[in-house]
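What follows is a short report on a single structure.
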Amino acid sequence: MQRVSFEVKDTEAEKSSSEILSGSLPSTYRNPAMENVGNAVDDGSSVKNNPKLDMQKQNGLVKWFKKCLTMVSGESKAPRLDRSKSTAGQALKGLKIISKTDGNAAWTVVEKRYLKITANTDGLLLRSKFGECIGMNSKEFALELFDALARKSHLKGDVITETELKKFWEQINDKSFDSRLITFFDLMDKDSDGRLTEDEVREIIKLSSSANHLSCIQNKADEYAAMIMEELDPDHMGYIMMESLKKLLLQAETKSVSTDINSEERKELSDMLTESLKPTRDPNHLRRWYCQLRFFVLDSWQRVWVIALWLTIMAILFAYKYIQYKNRAVYEVLGPCVCLAKGAAETLKLNMALILLPVCRNTITWLRNKTRLGVFVPFDDNLNFHKVIAVGIAIGVAIHSVSHLACDFPLLIAATPAEYMPLGKFFGEEQPKRYLHFVKSTEGITGLVMVFLMVIAFTLAMPWFRRGKLEKKLPGPLKKLASFNAFWYTHHLFVIVYILLVLHGYYIYLNKEWYKKTTWMYLAVPVALYAYERLIRAFRSSIRTVKVLKMAAYPGKVLTLQMSKPTNFKYMSGQYMFVNCPAVSPFEWHPFSITSTPQDDYLSVHIKALGDWTEAIQGVFSEVSKPPPVGDMLNGANSPRFPKIMIDGPYGAPAQDYKKYEVVLLIGLGIGATPMISIIKDIINNTETKEQLSQMEKGSPQEQQGNKETFKTRRAYFYWVTKEQGTFDWFKNIMNEIAERDKSKVIELHNHCTSVYEEGDVRSALIRMLQSLNYAKNGLDIVAGTRVMSHFARPNWKNVYKQIAMDHPGANVGVFYCGAPVLTKELRQLALEFTHKTSTRFSFHKENF
């Protein structure tokens with residue numbers, strides 16, 4: 001819908017341009033009446049005081065005055081827009097520009113610009129200066145916006161007053177949905193006929209879906225345009241009225257933002273929660289610090305006592321060795337340096353033993369599943385404790401090395417013969433004269449090599465290297481160091497480190513009796529346990545070579561594998577297993593959440609290409625078989641060349657404890673939805689089993705009681721947040737299955753696509769309307785392609801917690817999050833806040849990848 005513009009050339013005005021610039025009227029308007037008008041204006045009196053001025057001459061004066069303003073501004077004519085551009089496209093782009101304006105920008109700022117710009121135009125703002133006045137960088141859109149606002153206000157001409165400018169400004173900065181929608185249609189309706197053809201509707205759909213990165217809707221623009229025309233043009237007139245489309249959009253948006261609050265009591269509860277959640281600050285510093293400490297201890301008491309015990313044991317060992325060597329003759333020569341070195345060495349022995357325990361996954365899984373130690377021991381923090389111990393080792397190595405290299409050895413070289421004599425039985429009868437004597441000794445070589453290997457392993461274990469964050473910054477040959485592979489292989493250098501540690505401890509200075517060489521005593525049990533676990537993994541993987549039954553390739557570089565399930569492979573939803581593909585690397589094992597349920601007769605994993613190994617395994621599978629259409633499975637029977645896959649597990653994870661809670665909040669970010677998918681399927685299975693048991697007349701009470709104790713979940717909320725529309729294809733069939741089987745409405749599903757502008761934004765209003773129409777007609781969501789309606793933009797997590805707290809007062813809610821660390825802090829903080837300020841207790845569990 002384009003507006004046809006006619007440009008009428010005013011030759012008289014051109015001829016009299018010099019007269020205009022000189023301040024005199026053109027001859028066309030020179031007559032006695034107009035002379036009087038001119039005098040009146042010069043005198044500052046009102047034009048209305050001249051009774052001889054008729055309406056025709058007044059209009060002529062206005063036209064002449066506008067031309068004067070145009071000439072004064074240095075423009076012979078107003079700039080014209082490129083009408084070849086899409087009207088809907090300009091409108092959508094314009095909404096983006098408007099959204100960037102600061103609604104809180106003081107009107108006084110705009111007013112100052114207005115006064116400055118109109119200083120020479122008698123308080124009238126030119127159309128060409130509108131963008132500059134309101135602070136809009138896009139001059140082209142500023143002109144378009146001016147025209148739209150002028151049409152809406154029934155203003156004609158290219159100038160406005162301050163009052164009209166203020167009215168325009170208020171409409172621009174009204175960010176309500178209704179106002180934005182009105183502005184959108186005002187921008188489109190350039191000829192003010194209020195009509196849209198099917199082609200224009202199709203164009204709007206394509207542009208809106210493109211702006212929201214929804215290729216699925218863009219590809220079906222013809223179908224959706226026909227659906228809108230069928231809805232709004234039942235008489236087949238060939239066009240629809242904008243007002244009708246506007247009402248439909250408003251209706252869809254009203255439904256999307258409506259809430260379930262249907263009673264005054266619930267509204268009052270919501271207000272009370274909002275009031276209680278307002279931040280308060282105690283003026284008493286001591287009381288405030290005490291409250292913060294108390295809340296921290298209550299929320300993290302498991303971590304607190306474990307860390308406190310660890311620090312206490314280290315302090316005792318350090319103090320014991322310090323005092324022991326302070327009372328020996330060597331203290332007279334080496335002083336506190338030897339005490340520091342020996343104290344640090346004792347903590348090193350402890351930590352080198354402890355650091356293996358958190359990665360003994362089979363042992364931890366057994367303790368988690370078979371004992372009640374999980375009540376006191378934070379098994380979920382095993383890797384965090386592993387990292388904390390690593391920091392303790394680094395500190396101990398630094399103190400021990402510096403004390404020996406920078407203090408003890410120089411003091412021994414500088415000691416007098418009399419001072420050295422008592423130490424001869426430990427360092428040799430002949431006093432060393434060179435520093436190299438200590439460096440090239442067995443103790444020195446083993447110690448330095450250990451430090452060197454530890455530095456390599458510790459450095460490449462840092463997140464910047466392990467997650468590949470530095471890959472782009474490193475030069476070509478070093479890029480491979482910033483990868484999970486480099487971390488995995490260099491961590492196996494600790495096999496050498498432990499061998500050297502035993503040798504270093506055996507040839508230790510100042511101790512000759514075997515029973516005083518305690519390094520092997522510290523390491524014996526943890527090393528044996530860890531070695532046993534690695535042997536178990538090797539044995540299990542050799543007999544658990546699974547067959548790939550099906551595979552599927554999905555958008556977003558996700559590979560799904562369905563594998564045969566070994567006979568004795570028993571697991572719980574939320575757990576994970578290690579996967580090895582010899583065709584990629586015979587040594588590398590990578591953990592993946594199990595997306596199938598314990599009741600399924602197969603195992604499934606979803607592998608997203610996030611690193612070198614995951615990209616490699618996708619490449620291997622794509623080479624041996626032609627990639628299937630998106631979401632279609634390839635059967636292993638028809639493709640026997642699938643690569644060999646080995647598995648090891650299952651292993652415990654935080655999400656497996658969901659059955660302990662009556663209410664669970666499951667949050668998956670991107671591929672982090674994988675453990676949650678298994679859980680919600682398991683909830684459906686357990687719910688159906690529970691209903692069947694309750695309906696059975698036979699069966700022992702003990703069996704029913706046992707099922708009640710193992711499965712407590714009565715309500716589940718699942719939030720899946722992803723930025724790509726194609727991601728929903730990963731679990732499309734599962735979502736449809738859950739929506740169909742969940743007869744009791746136990747699970748509340750929420751899919752959020754963050755590429756779409758938030759609900760309430762006009763740029764996504766058309767998508768919301770199409771979503772509502774298509775769901776009502778076909779029962780499918782146009783974004784996800786499932787029976788579950790999708791939401792736009794990121795969830796308001798505070799509102800999510802608030803709604804759950806309102807619906808389940810006094811309940812213990814388990815919050816399980818899997819995804820990138822970006823959300824961890826916010827979700828944990830909200831769990832603490834609502835736990836402290838409401839009757840609902842939220843227990844937060846995370847699983848980052």
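Note that Cβ sites are derived from N, Cα and C of the backbone, with glycine treated the same way.
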State whether, in Swiss-Prot, Pro566 is on the same side of the membrane as Leu383.
yes
Write down the single range among 93-104, 153-164, 261-272, 621-632 that appears in Swiss-Prot as region 'EF-hand-like 2'.
153-164
Same-chain residues at least 6 beyond the ends of the transmembrane segment (445-465) whose Cβ lies under 8 Å from its Cβ atoms:
390, 393-394, 397, 401, 404, 439, 481-483, 486-487, 490-491, 493-494, 496-497, 500-501, 503-504, 507
Same chain only, please: residues at least 6 beyond the ends of the topological domain 'Cytoplasmic' (410-444) with a C-beta under 8 Å from a C-beta of the stretch. Say none if there are none.
329-330, 332-335, 337, 404, 503-504, 507-510, 512
Count of other CB atoms lying within 10 Å of the CB belonging to Arg195 (Ca(2+) binding site):
15
Three-state secondary structure, which DSSP defines for Arg195 (Ca(2+) binding site):
strand
Mind checking which residues reach the topological domain 'Cytoplasmic' (511-518)? Cβ under 8 Å, same chain, six or more beyond either end.
349, 425-426, 505
Sequence-remote contacts (6 or more beyond its ends) of the transmembrane segment (393-409), Cβ cut-off under 8 Å?
334, 337-338, 340-341, 343-345, 347-348, 351-352, 355, 435, 438, 447, 450-451, 454, 458
